[in-house]
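Notes follow once the structure below has been shown.
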Amino acid sequence: MGFFSAIKRLWKGDTAPEDVSKPVEAEGSAIVGTSSTGSPVGTGAAMPAAQDAPSPAAPHAIATPDDAVPDDAVPDDAVHGGEAPWKTELTLALRQAEPRLSVWLGHVLDGVDEAGPILWERLRFFFSSLEVPADEAETFVRDFGRWLEAMEYRYVADFRSELQYRLALALDLEDEEDERSRLMLKLTEGLARTREQIGRRIDGLLASHGRIDEGFWEELEEILIMADVGFEPTTQLIGRLRERARKAGTDDPARFRELLREELEVIFRAPRRIAAVNPPEVVLLIGVNGVGKTTTIAKLAYRAQLQGRKVLIAAGDTFRAAAIEQLEIWAKRVGAGFYAKTAGADPAAVAYEAMDKAVSEGYDLLLVDTAGRLHTKANLMEELHKIRKVLGRKHPGAPHRSILVIDATTGQNALSQTKLFNEACGVDEIVLTKLDGTAKGGIVVAVAMQFGIPITYVGLGEKMEDMRPFNGSDFAMALLGVEEKPAA
C-alpha cells in the first residue's frame, strides 16, 4: 500500500525529534503537525458518517464499513463543521505518544470494545490525519471489515492482533521494534521444546566443564545429533565453532553460548535471491503432501494482498480433487483470484492457462501449487520440469522463485525432501511450517548448513499472521535463550 511515509521515516530513525516529549513534525502529517480540517477520509454516501456515541452492533450481526448509517446518527461536528472532542483528544494523544505501532494503535482503539461505526471512523480519522490517500484508506477499512464479518469476530480482543499485523504489512513495518518483539515472543514460545532439548543439555555441559576441551566437543556433538541437527551438519558446525573459539582466544565455557549464537547467525545469513521481473511474478510452491503447502500458499497470498499486490492462485495439484477444492476455499477466504481445471487435468496446462489469466487480467503475483507424490519420484520430477518449461515459454524468466515447504516436525526427513526437490526443479527458498511446539527445531540448522538455501518464512501457528519472515539472529537467540548483544 505504501502509505505513512512520514511515519516510516520517523520509525526508521531518518528523522529524530529534538525533544522526546515532542515528536518531530513529519512532512505532510497532520498527526505530528496540526490537522487542517479534522475530517476523516472519505465523505461519499457509501461511507458511514462519524459518530460520537453510536448504538452497539447487534449481537448476531457485525456492522461493516459498507453498512449505511441513519441520518440522525450524524454527529453535530459533521453538520456544523466543528471537530468532535474525541478527534481533538486522539490527535493530541497520537502527537504525544511514542512513535511505535502498538502504542498508536492503543490510542486509536482506546474506548472501542467491538467492531462497528466507532471503530471505522476512528481508523478513517487516523488515516486522514496522516494524509493517507482516501482510496487506499477506504480499501483498508472496507477489507478489514469484511474479513471480520467473514470470521464472525466482533470484539477488539479477538482481532486486535490481526489489525496490527495488517497495519505492519501495509506500512512495511515488520522490522519495527514492536513487530520484532512480537515475532521474538512467538519464536521463543514455539521453540520451547527444542530449546529444552538443546538449551538444557548445553547448560549441563557448561556446568560440568571448567574449560572447552576435547571432552566438551564430544559431548556437544552428541547433544546436537540428538536435537536433529544431523551427523554431517554437526561435524561441520563443531569444526566452525572450534575455529571461532581459537580466533577468540578462549576456552572459557561461559563464552560458548555467545560463540554459538554468532555462528548460527552466520549460517542463517544466506542471501535471498532477488529477481527483477516484469509482472506478474511467478512463484512455484513445491513440497510433499501434508506439510502445510496449501495454507502456506494462502498465507503468502494474504501477505502479498495486504502489501497492495493483486494475487492469483493456480491449483496445479490436479491429482487430488480435494486439494483443488481446499485451495479454492482458501483463495476465497483471503480474497485472491483462483484458477483450476478438473481433477486429473495436466498440471502444466493449468500453469500455462493460469499464466494467460494472470497476464491478461493484470495480476502482480501468480502462486502455482504443485503435487507432492514422493512414491512416484520419476513422474514428479518430469512433471515439475514440464511446469517450469511451459511457464518460462509463456513468461520469460518464470518461475522466478521455487519455494519448498517443509514440515519442521518431520526432523531428518526434511533433508531428504530438500535434496529431492532441489534436484527435481531447484529450490530458491524454504518455508518451514509447524515450528511451534516441535522438539525437532534443530533441523533448521541442518537444512541451512547442508544446502545453503535461504529460509524465508516460518510457520508459528494456524492464524494468517502466524507465518512470519525468518530472521536468523532472532532464531538463534530464541533457540539458545540468549539476548542480543547491545551495540557498542
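Cβ from N, Cα, C; glycine included.
As written in Swiss-Prot, here are the features:
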REGION    14-82  region 'Disordered'
COMPBIAS  32-67  compositional bias 'Low complexity'
BINDING   287-294, 369-373, 433-436  GTP binding site
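Here the features listed in Swiss-Prot are painted onto the structure.
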residue: G287; record: GTP binding site; DSSP (3 states): coil
residue: K293; record: GTP binding site; DSSP (3 states): helix
residue: T370; record: GTP binding site; DSSP (3 states): coil
residue: L435; record: GTP binding site; DSSP (3 states): coil
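Take the CB of G290 (GTP binding site) and look out to 10 A: across all protein chains shown you find 10 other CB atoms.
Each of the binding-site residues K293, R373 was ranked by the number of other C-beta atoms within 10 Å, and first place falls to K293.
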